[in-house]
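Data block below; observations after.
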Amino acid sequence: MIGTAATASHPQPRSRRCPRRAGRESGPRPTDHLLAHFLSGLAFLLAAGVTATVGTAVGLPRSSWLALHLAFVGGISQLILGAAPFFAGALLAAEASPPVLFRLGLFTWNAGALTVAVGYVTSAAAVIVAGAVLLGGGLAVYVARLERMRRRSLQRAPLAIAWYEGAAAALVCAGTIGTLLATGLFAGDGDTVGTHALLAVGGWFGGTIVGTLHTFFPSLTDTRLRWPRLEVIALLGWYPGLGALAAGYFSGSLALVTAGWFVCLVAASALLANVLGCLSQRRSPLRLPAWLVAHGQLFCVLALLWGLIQTLSGNPGGSAVALPRDAVFALSALAGWIGLTVAGSLLHLLDVLARVRAIRRPGAPSAELGPQTRRRPSTERTRRVLGPLVAAAPVVLLLAWIAQVAPLEAPIQTLLRAALVVCVGATGLAIAERALAAARAAPLRL
């Protein structure tokens, strides 16, 4: 009673909390950085699909290369540019990059990807070089953001930064070779196109994927990394192995290529062991993103194993050393490894973005969540329909891979191709639905 009377007769002093700065409240958040790159990347992937479809139907010249450029440089690369700083910031407990760095990186990369595409289609070497310079600027901003986080971090995660910066170095080499090839300034004696593709896919995409999954996959399965020391083996094997492969294909050295495939296979097996270890520890049902990502790493090992087998079983006459370009390698490396890993990661991260961005204010209880966190009945029905089709994608891909290794009857192959088209379409629709949900959850601040 005394306390109550004292409180009533003597009003309490006002809280001395500092007022929020308008600039910080209105500036982009880490989720804005991630979503902006994701939406830009998905737009490029959609453009790549349209280009490939129309180009095949009409017979447009250079449409295949243009579709690959839009998908890899404009599409998947932007998923890396958004996700890697996001994960690094969480691992290092570091604040997000300044808005000016984010905007500069977003603009230069998108402008560079479009400029290179225009230059290649119009055969304008100067335009290609200008686009390559813009892409280089975007990559420099990306590395600057990572280094800024590392210097201002509250925690240490040297392996994560090493993975991301190693991937950026591989992209510099791939971009340099690609620019010289596209402008006709250099052809080389070895498989320079294969070297360019290897560094871009295996170094830039692959290095980021293998590095990120050592922390990302345990979060997908609500577990811990089973054997953390295997990450060191993966890191010490992946980039040196890729370096040996690139040098071998560039110079035509069979010994370097053989050693490179073997070392990369050891590194990928180290990651796969941890993926299987996480799966064995889980106590909850396996979610769809984890299902896709886990199968992606199986396809990575299959791709590397196939590359090693193809190298060891080369023609006795001594044909030129070249990166495999057959359907078996393409299915395992591109559709299986890159495709499933990217699809599973997007499904998970876009769901997370939709939930986090719907929160009305930092620290808000569940009652203050925005309406987008409560899924609409139509959304639930859509996910129930698409879910099984997306989950079937790894199985269909594996059957298609087996059908290429040991050819099956024509009707079975036709059925597998049709099933694959359905699964890919369902996966695209599932990603698009989640992207729209994330975009609707809150206004995008740029």
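Using N, Cα and C of the backbone, Cβ positions are placed for all residues, glycine too.
Remember, predicted model here, so these are calculated numbers, not experimental data.
TrEMBL has this to say about the protein:
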type	residues	note
REGION	1-28	region 'Disordered'
TRANSMEM	34-60	transmembrane segment
TRANSMEM	66-93	transmembrane segment
TRANSMEM	100-118	transmembrane segment
TRANSMEM	124-143	transmembrane segment
TRANSMEM	163-186	transmembrane segment
TRANSMEM	198-220	transmembrane segment
TRANSMEM	232-250	transmembrane segment
TRANSMEM	256-276	transmembrane segment
TRANSMEM	288-309	transmembrane segment
TRANSMEM	329-350	transmembrane segment
TRANSMEM	385-403	transmembrane segment
TRANSMEM	415-436	transmembrane segment
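In this chain, the transmembrane segment (385-403) lies out of contact with the transmembrane segment (163-186); the count of Cβ pairs under 8 Å, excluding pairs fewer than 6 apart in sequence, is fewer than 3.
Residues 288, 291-292, 295-296, 299, 302, 328, 331-332, 335-336, 340, 343, 347, 412-413, 416-417, 419-420, 422-424, 426-427, 429-430, 433 of the same chain, all 6+ positions outside the transmembrane segment (385-403), place their C-beta atoms under 8 angstroms from a C-beta of that stretch. Two recorded stretches are said to be in contact when at least 3 C-beta pairs lie under 8 angstroms, sequence spacing 6 or more; the transmembrane segment (198-220) and the transmembrane segment (66-93) meet this definition.
By the Cβ criterion (under 8 Å, sequence separation of 6 or more), the transmembrane segment (66-93) is not in contact with the transmembrane segment (232-250), since fewer than 3 such pairs are found. Using a Cβ-Cβ cut-off under 8 Å and counting only residues 6 or more beyond its ends in the same chain, the transmembrane segment (256-276) has close neighbours at 202, 210, 213-214, 217, 225-227, 230-231, 233-238, 240-249, 293-294, 297-298, 300-301, 304-305, 307-308, 311-312, 321. Each of 34-60, 100-118, 232-250 was scored by its Cβ pairs under 8 Å to the transmembrane segment (329-350), and the highest score goes to 34-60.
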